[in-house]
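One structure is given here, and the rest of the page talks about it.
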């Protein structure tokens, strides 16, 4: 049987010593005795060889009947050389394969391999079982384009919208989709001199793998930047000066917002980035609109048609408060002569005769007011801290003589000597007067004589109780010293603490009970009411717990 080694072995005729090409005649009785067909036909006999010895025809690989039958069949030697050349030079490199075979052209080599080893019997017996053993991947994404594997997400990026001159200036090659000078051009230097060797230690191998990993990361960054350039069309925007900061139809606030948010564009595609900006701008518009609607509802408006008249009214009354969510500051307080308060006055500034004017008007609201009756307007939370009392001002009120005076006034008011004195003290609580900032010393001077005669107050109170029990509400007034009467008269003219004219009777009683100044109470009330109108917020929960703990709320 002929082996692969025999295919490339040269044989010579023992009789004529010529090279045997093709079939030779081998003597079965003599050792290493081969004859060519010409010498065998002539009946040559040499040495011990006789022409009547047994013989057999041997094929050296050049016979046309060796592998494939038919017209134009290749010899076994040529088939072996074809397979070796394809393994060495690769499928498709038919020019080099033809040179390796030496007897066939490139077209013949391609046709022979495709017909015999791909589409022929060998190909059907070899490739078909291999294809059937491959795992089958099932597409579970469906027909819709939603999700990360949808058609929209996997679609190719749009081409750069530039002409040939602009591409030449940038060094951009459209067919290759790359630039002559790429981003981070020195990245290839990390692995340009790397080569694996059998003498490398484990540390050397790990170091080379680390270099490859760094190079891969830099390639990813290069690809990411190229994707952003293509997705956002930065090249065309550069030449046409159509960046986002100069887009037509954008306000100054929108341009500033887009400039601040531009750093996040690297995490989104162009369409996602535009949708995100549009959503954020829409959210801001809805918040502003919600604040406007809250302001309208705060002022008692329930129909959109009423808002136009309300805005016209708020524009004319520039110093009136239209609610905690509005912009038109108004003031429902007037002086006794009907003039408006100066614009420079704050919420906590003293306001003379506020409740007298309200009572004299018969409880009617001001003609310029749209808010409901008996509605206390607070400062606009959208404004700066100008409407809130300063820290030094609040600290001066806390623990001041005015606060002590308010408590002592309440104690003295409880010592009612007669009905006239009771009426006078009560009218002092209802009638609000101006409180100068330097009233602390005067209040101390008025209260000092009272503190020196506590027994007089106690004895007068006991004497009045005895007379009421005995006389049943007689009009006789017990005798008192002239000094005590003078002090009680002076109590009627004591000024109230700042901010008292803005509080109701219940709120004043609450301030007295918990020993806090009206300005402090107004500040706390302003902070509580000017927050976002949302229920269940952490701020609301904290304040509610604090109020319940202090006893301001029952539940």
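Using N, Cα and C of the backbone, Cβ positions are placed for all residues, glycine too.
Since this is a predicted model, take the numbers as computed values, not measurements.
Matching 263-317, 318-372, 373-427, 428-482 against Swiss-Prot, the residues noted as region 'Disordered' span 318-372.
Here the binding-site residues are 36, 39, and the one with the most other Cβ atoms within 10 Å of its Cβ is 36. Summary of the Zn(2+) 1 site environment: with the site residues 13, 16, 36, 39 set aside, the chain residues having Cβ atoms within 8 Å of the Cβ mean position are 14, 15, 17, 18, 20, 35, 37, 38, 40, 44. Packing around residue 13 (Zn(2+) 1 binding site) is summarised by its Cβ count: 19 other Cβ atoms lie within 10 angstroms of its Cβ, all protein chains included. Straight-line distance linking the Cα atoms of residue 16 (Zn(2+) 1 binding site) and residue 30 (Zn(2+) 2 binding site), rounded to a whole number, equals 17 Å. Restricting the average to the domain 'SANT' (69-121) gives a pLDDT of 86. Here the C-alpha separation of residue 49 (Zn(2+) 2 binding site) and residue 36 (Zn(2+) 1 binding site) works out to 14 Å. The binding-site residues examined here are 49, 53; by Cβ neighbour count within 10 Å, the least packed of them is 53.
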